[in-house]
Amino acid sequence: MAMIKKNRKVNPLSLLVVCVVPLNCCSTIIAKCDYLKLVLQWPKSFCLINSRKCQRNPLPSNFTIHGLWPDNYTRQAPQSCTTNNFQRFTDTDIEQRMEESWPDLKQQSIAGLSYNFWQDQWRKHGSCCFPPHESEIYFLKALELKDRLDVLTILENNNFNPGTPQPFSVLRVFNTISRAIGKTPILKCAQSYLKEVVICVDNNGASVVHCPRSRPRPRPRRDPCPFSDVKFP
């Protein structure tokens with residue numbers, strides 16, 4: 001017959017160690033990420049739609065980065081995977097590129113004011129698919145994708161020029177970008193303005209992939225661009 005062991009006193013400190021270690025380890029979680037979405041916003045549209053929030057002057061004359069966001073095909077997109085801050089850029093060239101290509105349009109054109117915006121993007125999105133020590137790699141990847149894909153040049157080469165008074169066919173804009181990048185993007189519109197262009201890439205950011213549910217469908221309420229025609233201010 002098995003003997004029943006007497007209860008031994010447990011040192012409270014040993015329990016404390018067991019509890020603290022997981023909390024420290026889990027301050028950053030790398031989530032499953034099937035692909036990344038490069039979200040490019042048109043500054044003039046942003047400011048027309050959000051006139052009270054827009055503080056940038058002068059406005060950039062090219063698409064700027066809203067974010068590089070992880071997503072999944074069959075499950076909810078991961079968000080807010082860390083509470084840790086990213087390290088400030090030590091390379092002034094990188095910071096200058098960030099100010100030009102990834103500015104906070106809600107802030108004035110003063111160096112350093114976009115850091116909170118970048119911090120939010122890192123905590124909410126970048127930290128879910130890049131390790132904590134690779135925050136700079138995350139930002140550099142977004143900059144590289146924006147320069148390589150160059151949506152404004154694609155549109156201008158096909159006579160979609162910003163500032164043109166007449167609206168453009170949403171389907172034509174969609175097809176033009178699709179042909180140029182070889183995959184389907186997502187167009188986002190508001191108040192009949194072209195607000196954002198989303199291009200999807202694999203989870204390494206190496207190759208462009210099709211964005212799910214991307215083809216425009218005029219007038220459905222939940223479509224990201226529910227218009228037949230759109231203005232490109």
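Any Cβ shown, glycine's included, is placed from N, Cα and C.
These come from Swiss-Prot:
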- His66: active site, proton donor (ACT_SITE)
- Gln121: active site (ACT_SITE)
- His125: active site, proton acceptor (ACT_SITE)
- Gln41, His66, Asp104, Leu105, Phe117, Lys124, His125: RNA binding site (BINDING)
- Cys47-Cys54: disulfide bond (DISULFID)
- Cys81-Cys128: disulfide bond (DISULFID)
- Cys189-Cys225: disulfide bond (DISULFID)
- Cys200-Cys211: disulfide bond (DISULFID)
- Asn62: N-linked glycosylation site (CARBOHYD)
- Asn72: N-linked glycosylation site (CARBOHYD)
- 211-233: region 'Disordered' (REGION)
- 1-31: signal peptide (SIGNAL)
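Known features from Swiss-Prot, placed on the structure.
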{"residue": "Asn62", "record": "N-linked glycosylation site", "contacts (Cβ under 8 Å, 6+ apart)": "Ser101, Leu152"}
{"residue": "His66", "record": "active site, proton donor", "contacts (Cβ under 8 Å, 6+ apart)": "Val39, Leu40, Gln41, Glu196"}
{"residue": "Asp104", "record": "RNA binding site", "contacts (Cβ under 8 Å, 6+ apart)": "Arg56, Leu113, Ser114, Asn116, Phe117, Trp118"}
{"residue": "Gln121", "record": "active site", "contacts (Cβ under 8 Å, 6+ apart)": "Gly67, Leu68"}
{"residue": "Lys124", "record": "RNA binding site", "contacts (Cβ under 8 Å, 6+ apart)": "Gln79, Ser80"}
{"residue": "Cys189", "record": "disulfide bond", "contacts (Cβ under 8 Å, 6+ apart)": "Val170, Lys195, Pro224, Cys225, Pro226, Phe227, Val230"}
{"residue": "Cys200", "record": "disulfide bond", "contacts (Cβ under 8 Å, 6+ apart)": "Tyr35, Leu36, Lys37, Leu38, Asp71, Lys183, Pro185, Ile186, Val208, Val209, His210, Cys211, Pro212"}
Requested in this report: Write out the long-range same-chain contacts of Cys47 (disulfide bond), meaning residues 6 or more apart in sequence whose Cβ is under 8 Å from its Cβ.
Outcome: Cys54, Arg56, Leu59, Leu105
Requested in this report: Just name the most isolated of the disulfide-bonded residues Cys211, Cys225, going by other Cβ atoms within 10 Å of its Cβ.
Outcome: Cys211
Query raised in the report: When you tally the Cβ atoms that lie within 10 Å of each candidate's Cβ, which of the recorded positions (Gln41, Asn72) has the highest tally?
Result: Gln41
Query raised in the report: Distance between the residue listed as 'active site, proton acceptor' and Cys81 (disulfide bond) at the Cα atoms, whole Å?
Result: 8
Query raised in the report: Relative to the Cβ position of Leu105 (RNA binding site), how many further Cβ atoms are located within 10 Å?
Result: 20
Query raised in the report: How big is the RNA site in terms of the longest C-alpha to C-alpha distance among Gln41, His66, Asp104, Leu105, Phe117, Lys124, His125, in angstrom?
Result: 19
Query - Whole-number Å value for how far Cys81 (disulfide bond) lies from Asn72 (N-linked glycosylation site) (Cα to Cα) - result: 15
Query raised in the report: Ranking the disulfide-bonded residues Cys54, Cys128 by other Cβ atoms within 10 Å, which is at the bottom?
Result: Cys54
Query - Conformational class of Cys200 (disulfide bond) under the three-state DSSP mapping - result: strand
Report summary line: So Phe117 (RNA binding site), by the Cβ count within 10 Å over all chains shown, scores 18
